[in-house]
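Undergrad: Just lifted these from TrEMBL, have a look:
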COMPBIAS  185-200  compositional bias 'Basic and acidic residues'
DOMAIN    18-150  domain 'Anaphase-promoting complex subunit 5 N-terminal'
DOMAIN    256-355  domain 'Anaphase-promoting complex subunit 5'
DOMAIN    594-652  domain 'Anaphase-promoting complex subunit 5'
REGION    185-209  region 'Disordered'
Amino acid sequence: MMTNGVVHANVFGIKDWVTPYKISVLALLYEMTASKITLPERRRLNKLILPLQQGPDLTLGQFLQTVEECCPQTAYAVKLRLHEMADGELKDMEYFFSTLPTPFTAFDSEAYKTSVVGLFMRHMLLAYNKLSFSQVYKLYKSLQHYYHSHYAKPTDGQVGLAALVADDSEMDLTSIEDTVGDRIDKEELDTPLHESELRNDNTPSRGPLSQKQAEYFLARQAYLLKNDENKALKPAALQEELNNMLKFNPDFAEAHYLNYLNSMRVQDIFLSAHSLLHYFDRLILSGNEGKSNGDEGYGRSLRYAALNLASLHCRFGHYQQADLALQEAIRIAQESNDHVCLQHCLSWLYTLEQMKGSDSTVLTEDSVKMAAHFCLPYLASLGIQSLVQQGATQGKTAHKLINALKDTDILHWKHSLSELIEISLAQTTSIWRMYGKSTMALQQAQLLLNMSSLEPVNFGVQQNNTEAFAVALCHLAELHAEQGLYFAVSEILQHLKEQFPPHSQNAKLWMLCDLKIQFERHMNEGKYHLAEPLVTAISALNKTEGLYRKAQVLKALNRSTEAYSVLQRLQVHCEKTKCTEMVIRMMLSTAELHWESSGFSTALPLLLQALALARQHHLQSLASETILHLAFTQLMLGVPEQALSVLHEAIEPVLAHGAVIDKGRALLLTARCQMAVAGFSPNGQGQADLRLAVLAVDTLNEAAAYFSKLDCKERLRDVHYLQAQLYRSLGQTSQCNKSAMLFRLLDQDLQTPAPPVSMRL
């Protein structure tokens with residue numbers, strides 16, 4: 001057959017043909033209608049009917065095992081039925097087909113003509129009745145081979161599997177001439193099996209699939225790739241199946257599209273673009289679009305092909321190519337007056353501008369207005385969520401952003417937009433994390449993870465492997481790590497690794513999360529030699545995060561000049577990309593470098609600028625962190641009373657929402673301020689305020705509890721050093737000796753000289 005100059009294979013024009021596997025399915029359906037089965041077993045078998053009918057042919061071992069798991073009694077009856085035919089004569093197979101219930105007369109059974117079972121039986125009976133005698137004989141021989149190959153290996157004299165598979169194509173519904181079945185060469189029978197056909201029973205059949213089998217296979221794999229990638233075939237196995245399918249019909253458009261999705265899993269830019277273009281080429285040349293939409297169908301395919309190509313280039317960061325493809329899609333859509341396609345183009349246009357780092361607020365607002373005008377709630381909600389994200393980075397208040405998301409949630413529930421509900425919850429989690437409200441972030445993450453999906457459950461799969469779930473789980477892991485709950489963190493990360501395999505597109509989220517948690521843990525424990533190798537891995541996933549952590553390691557290793565150089569380079573980059581959070585962190589790290597050279601007065605302007613930025617963008621956690629730095633600077637400048645006053649402003653949010661390490665640092669700084677205000681001096685001279693000294697002891701004990709959670713030995717060493725001095729001034733000799741002993745043990749364990757306590761926060 002030729003359409004638009006393209007030659008099409010007739011393989012997928014075949015609706016159905018009779019194979020030994022289909023006879024096994026017919027035997028199962030016959031036993032289900034003829035024998036008495038308990039209701040639970042019947043329900044389990046009913047769930048198998050559609051996959052068995054439309055799925056690829058299974059070996060007898062696989063088929064019987066599947067049925068036996070649901071109903072052993074029925075599996076045994078099917079085995080007996082097949083045994084009667086395979087070990088009997090040709091007339092036994094003829095008798096079996098004659099006893100099957102007729103779909104037009106079986107009113108009270110599952111085989112009625114309007115049922116799935118009835119349609120399948122009707123197709124099989126029609127296909128069987130159209131076979132010539134020679135074809136029936138070959139079918140019988142293939143049934144014998146199918147049955148006996150399950151119990152014994154085929155001998156050299158038996159017909160090869162490749163020949164039997166080839167014969168299957170001669171038993172289809174389109175076979176009209178009886179003489180077709182007689183065309184079999186001795187060379188074909190004597191041909192040895194191909195290596196790919198000499199496989200175990202667990203490997204899918206390599207023969208051509210019927211149209212229904214191919215469509216079912218593609219629909220199932222596409223659904224699994226979208227909703228639960230782990231249950232889909234592995235990338236290599238799926239690629240092999242698709243190659244086999246395209247070998248029989250290179251112009252099967254849907255197979256090319258699934259090939260595109262499979263290539264995206266492994267980030268193969270060449271093959272994904274190649275398959276996407278082939279899909280739209282085949283779709284246009286096959287005339288499928290033109291049949292339903294006339295000439296407009298071809299234009300529709302062309303503009304959506306350009307739009308899909310633009311999204312593909314966006315995903316791989318090819319912004320120039322994406323822009324060209326997007327302009328082409330817009331041009332074709334404008335010529336065809338396709339407002340829906342234009343709205344999709346506008347959505348990708350503002351997304352592309354965001355990825356470039358440009359301000360796309362005006363474009364996004366226009367997109368939301370036009371989407372609402374054309375009654376496209378999905379695109380309108382996406383636009384609002386994008387505006388919320390931009391508003392968060394521009395310093396909008398939390399209540400405005402949350403109210404905007406709440407209004408879109410009403411729209412989501414009204415139209416049952418499950419995917420957007422998940423995105424909204426994940427976005428709310430991220431917003432609360434950014435604003436430093438860890439309790440609210442934890443609540444939103446748990447709400448998403450415990451929400452039942454509105455999507456229909458097909459193939460026994462729930463939609464739980466989307467980007468929103470990955471983001472929520474990563475936030476959950478980081479929140480647990482901040483509280484020192486590393487066992488729970490390992491369980492969450494293990495679930496992420498199972499749910500999002502390393503080759504999947506969302507795997508980078510948990511990879512970066514895992515590396516950051518490991519890095520922070522090693523830094524807290526003072527194991528800088530273990531933290532340093534992680535910098536390279538973090539940089540490969542996120543260059544900005546990698547550079548920031550490189551500066552942290554260099555600073556910890558007392559390589560201040562190199563750390564300062566990295567921080568200055570990174571600050572310029574972050575100011576250009578308007579990454580306010582990272583800019584504030586750069587300022588704090590630079591201020592710490594000034595401390596090392598006793599430049600406390602030099603650090604003050606930086607800290608005040610960082611505090612102004614944090615408050616302007618409502619970043620409470622960073623504002624509290626900056627206040628701690630300011631208090632420490634004031635303590636070093638000799639104004640402990642002012643430092644203690646400033647600390648009271650930050651201590652409450654830190655203890656309520658901060659990480660364990662931040663709580664410990666805040667309390668340690670508070671104790672030092674209390675000691676300074678009490679008039680305590682390290683040499684023991686002068687009279688100290690005993691009330692404040694006792695209060696400082698309690699504060700240090702609380703700080704020690706937090707540092708112990710993280711096994712932060714360097715900080716614990718500082719705490720015990722201050723405790724020993726306090727106890728000595730209070731005349732508590734035994735407590736002083738105990739703290740001194742703990743200090744000495746930690747000092748020997750660390751094997752590094754203790755830095756001056758007064759020189760770091």
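Even glycines carry a Cβ here, placed using N, Cα and C.
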Undergrad: Quick one: DSSP breakdown of the domain 'Anaphase-promoting complex subunit 5' (594-652) into helix, strand and coil?
TA: 50 helix, 0 strand, 9 coil
Undergrad: Can you count helix, strand and coil residues in the domain 'Anaphase-promoting complex subunit 5' (256-355) using DSSP?
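TA: Residue counts for the domain 'Anaphase-promoting complex subunit 5' (256-355) by secondary structure: 88 helix, 0 strand, 12 coil.
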Undergrad: For the domain 'Anaphase-promoting complex subunit 5 N-terminal' (18-150), what does DSSP give as the number of helix, strand and coil residues?
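TA: Secondary-structure breakdown of the domain 'Anaphase-promoting complex subunit 5 N-terminal' (18-150): 99 helix, 0 strand, 34 coil.
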